[in-house]
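Beneath this line is the structure, given in structure tokens, with notes to follow.
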């Protein structure tokens, strides 16, 4: 009799994805982030579900329902801060996961990569809408500023903004629909994650060398299950340390003030994980130009596979490309810092230079470095 995990239609899918899956023997800890993202998503859905049981999406009571969760609900403060800081952990893992994909040339799996980009957009949209729900000052003004960007679209812009708002300003209708969409999107993301995995398992995983590893595969379980559990324990330790010792470290103090349409905060800024894109948006004086640059800052990832000019897949043995990659990382950190600064000298010019450098590295310098490395290999 065959093992039930290999014969049962449902268990067979799980078995082929997480147990008997052939995996390259050389994949490093940079390959842990896929499973960590899965755990982050599960944590967010669970904590979010329990928060939704106590939250009310009405402008009059939203802020106070969150206060009620923190003060009166059993371990409500843990739920709230796990959810808020879980989002930060989600984005840390996302950025590292995408960075790994760029460094090791995983973007040559085009279907997996493109679904990953759509997933990134979906997670960013979900996080933005979630930030609006507590209905603090930064929630309200963040929603106003970001949704207002749609008005830059020629001809239909203003109509589109009012359609998104459900009125002539960010109000009750906006909050209600953002709550509905914020609740719905994670389940759509879960379905897309399955498609992401489906396409990944069509090709098998990449590895640090970038060389096909068909001749040297090992079963996923127990080798990578135990490795993933180690990564999971480390991530949960970091998340719990953040939640229990410094829950407001990554938040904005302005969000502890109830939303007031008559009082604008001195510095409107999004959560830290959007600051790099926000800095690119602000670096262009023209509204439409800024919106285009904002979208392109993420959409540029879709162009990376088309600009792969190297004869090697991974950057492991390509020192020039490695230098440019780490320059890109430093540039993104600079943009993140600038996004949180006021719009004044010298931050304006630093932001503009960092924005230009961001697109220059990805679109021009990396492909040129790859061509140079190809020529160096001939010697």
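Glycine residues also receive a Cβ, built from the backbone N, Cα and C atoms like all the rest.
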Swiss-Prot annotation of transmembrane segment - which of the ranges 11-32, 55-76, 77-98 it falls on:
77-98
Among the residue ranges 205-225, 226-246, I'd like the one that Swiss-Prot describes as transmembrane segment.
226-246
Within 10 Å of each Cβ, count the other Cβ atoms, then let me know which of the binding-site residues 83, 97, 182, 201 comes out lowest.
201
Counting only residues 6 or more past its boundaries, what in the same chain has a CB within less than 8 Å of a CB in the transmembrane segment (226-246)?
29, 32-33, 35-36, 39-40, 78, 81-82, 85-86, 88-89, 93
Please list, in sequence order, the residues in the chain of residue 196 (heme b b566 binding site) that are at least six apart in sequence and whose C-beta is under 8 Å away from its C-beta.
112, 115, 116, 119
Could you check whether the transmembrane segment (178-198) packs against the transmembrane segment (33-53) - three or more CB pairs closer than 8 Å, residues at least 6 apart in sequence?
yes
If we check Cα distances from residue 201 (ubiquinone binding site), which of the binding-site residues 83, 97, 182 wins as closest?
97
